[in-house]
Amino acid sequence: MASSFARILSGNRKVGILSLVGAGSLTVGFFLNREQHVSAGSSVRRIYPPSAEYPDLRKHNNCMASHLTPAVYAKLCDKSTPNGYTLDEAIQTGVDNPGHPFIKTVGMVAGDEESYEVFADIFNPVIKERHNGYDPCNMKHPTDLDSSKIRGGMFDEKYVLSSRVRTGRSIRGLSLPPACTRAERREVERVVVDALAGLKGDLTGKYYSLTVMTEQEQQQLIDDHFLFDKPVSPLLTCAGMARDWPDARGIWHNNEKTFLVWINEEDHTRVISMEKGGNMRRVFERFCKGLQEVERLIQEKGWEFMWNERLGYILTCPSNLGTGLRAGVHVNLPRLSKDPRFSKILDNLRLQKRGTGGVDTAAVGSTFDISNLDRLGQSEVQLVQTVIDGVNYLIECERKLEKGQDIKIPAPISQFK
Amino acid sequence: MTKNCNNDYKMKFAVDEEFPDLSQHNNHMSKVLTKDIYNKLRSKSTPSGFTLDDCIQTGVDNPGHPFIMTVGCVAGDEESYEAFKELFDPVISDRHGGYKPTDKHLTDLNWENLKGGDDLDPNYVLSSRVRTGRSIKGFTLPPHNSRGERRAVEKLSIEALNSLDGEFKGKYYPLKDMTDKEQEQLIADHFLFDKPVSPLLLAAGMARDWSDGRGIWHNDNKTFLVWVNEEDHLRVISMQKGGNMKEVFKRFCVGLQKIEDVFKKHNHGFMWNEHLGFILTCPSNLGTGLRGGVHVKLPKLSTHAKFEEILTRLRLQKRGTGGVDTASVGGVFDISNADRLGSSEVQQVQLVVDGVKLMVEMEKKLEKGESIDDMIPAQK
């Protein structure tokens, strides 16, 4: 591969090999020191003192605003990552979007892997708050994609209409969507599409670039509910993730339409395994197999995913760190959903409900999207098991209510196993 | 000199990989920006750290419209127009009727040089308005400025505006802490500006940190209004009901002069040079940055076959009464000068005054069922 990337990132290939050998945090350290750019003041225009630049967060309700004190701002505002990403850029989305009194958004993003290190003084408390107490300073995140450990996972299809698992993956060495250049974004596309082309068997599929999609292809993807469009949420647009749309964006899916990858939307990749019906076990098996295959294929070319033992898989939004995993079902719960104990039951099972349109949508009828609450501090296997056990419990409650029996609020399950 | 680490990093990637895909685009920037020009300019940045990619982001993100040519690039500071002249000179030429890099722009804010303009028929001319923009030297522009800079511009502006007296005495309303009551009044007066929603502005980064450092100032008489830190550092507006454009223009010129004097005292005069006139964020507003116009009732003339041609010959443009990109309501049009660069303020307002006077006479003729064929003007 004679592209400029091959020459530039040859350093990264060594990094890739080191990480295979298991030198997790050493790799990150090696990576940080490869450029001597992490210095105070080099890329930030400092005519005014930090106090004159500190954002007005009095009306704000997001995690960033809760933790970005003037002292933390002053400490970090002159720093930049090796690629030149700054604190002001990381927090811009949270400054521009004050938030909602009931829904606390995160309010900041990472522009590259190093952001989480260089701006750790703000990211760490934000991560701790968002992930229900997971402390990046002294805890380790377990990664486990061995689907054979799953118990059960075949739901009663009288209630469960569909099953889905999604996550994201970032390609180490390339900046993330808020900061990536056009060249980097195109390289992400090349690396991932190249790897996906190597998938075989039930994972054989095809890539549809957003820039050259035909009308017919577009309509089919809409009908399949696969197509993603230019982000309209100001949370994303203020973070710069829609720049240069639709350059280097696309959708890949297997012929069976059960494994889907989004390229260069909010993350380098979003990976989705889904099926109609209640076979969550098979959905998760395909998910793990597909992810591991893709990882193997990119490693053959000297690339790897962004990962470390402190934060797990590195993604753009701190809310998706760790597993980045949301495993869920569309489930019909006409009686349980009207029971006043429904929310408490979900809380104790560490599940969350959404409408069937996804985040920030309302339920249609009594069909809900039920998924895991947590992302960081538990492994993929643990979280999917939590969903399986939890949804089974909900179905049991629904059955009991059908028969006129009473239900119980379960004891709260422990968060960090 | 600000080192732009991100741009240095970007220089490691080949020009072929970084050059934007403009194949679907229709704006002035996309018509001008070749890979050669991109290659030549991509390593540069202005002293404040603004780069070519920063200039063109809005044009890359907004491919444009088959019928309406947007500009597709902005300046981040005064130096942008010089540092990226290989891009801006041809864009300026395309947008401003062939204006050449060697041309000089005439500034004339002597309201006394305006002939007539105090007698437009108020039965037809409902209101008169002149607006322009001003940038404060020494600060970067809305696509690029930091919170500290924006606040400093606001602070200086408040000082300048609060020093005004007589017919100019007024009050500043910061957007950030506005009461509901103040907000309702400003909306009722048609003064309030809101967070931009146009993707043209958003993609250029002009809405960052909203509403920090933004506000509206107006005089007690509600005839002189200044927007602070919207699309430009300052937008200055003089307006009143009726057809006395001369009075509107006089107030405009006098007010601008008073404000400029205060800024100059602080060694932060207005950005201006003899080639481009007043420097503003969007190349379309260079020169005078002036839009002088009226809301005028032309129900018959506007449906006449030659209406568009008459406007073109008079060097005027029409808009709906909601401003740019709106439709006319009830035969009432917003008629204003089409030019900004290459003619002076007095010249542009003169065209409006003379042109509107002629069109009102045409309207009256058409009302009587008479022909206007002998009144069609030559190209100005």
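Any Cβ shown, glycine's included, is placed from N, Cα and C.
Curation does not apply to TrEMBL; its annotations are automatic.
The shown structure was predicted, so the numbers you read here are calculated from the model rather than taken from an experiment.
Sequence annotations record features per position, and here TrEMBL assigns ATP binding site to B:127-131, B:His190, B:Arg235, B:291-295, B:319-324. Annotation note: B:Arg235 (ATP binding site) sits in a strand segment as assigned by DSSP. Taking all protein chains in view, 21 other C-beta atoms sit within 10 angstroms of the C-beta of B:Arg235 (ATP binding site).
TrEMBL lists B:10-97 with the feature domain 'Phosphagen kinase N-terminal'.
Taken from TrEMBL, the feature domain 'Phosphagen kinase C-terminal' covers B:124-366.
Long-range Cβ proximity for B:Ser127 (ATP binding site), meaning a same-chain Cβ under 8 A and a gap of 6 or more residues, is found for B:Met239, B:Gln240, B:Lys241, B:Gly242, B:Val294, B:His295.
The predicted model assigns the domain 'Phosphagen kinase C-terminal' (B:124-366) a mean pLDDT of 94. With a cut-off of 8 Å between CB atoms and residues at least 6 apart in sequence, the same chain places B:Ser128, B:Arg129, B:Val130, B:Arg319, B:Asp334, B:Ile335, B:Ser336, B:Asn337, B:Val352 near B:Gly293 (ATP binding site), listed in sequence order.
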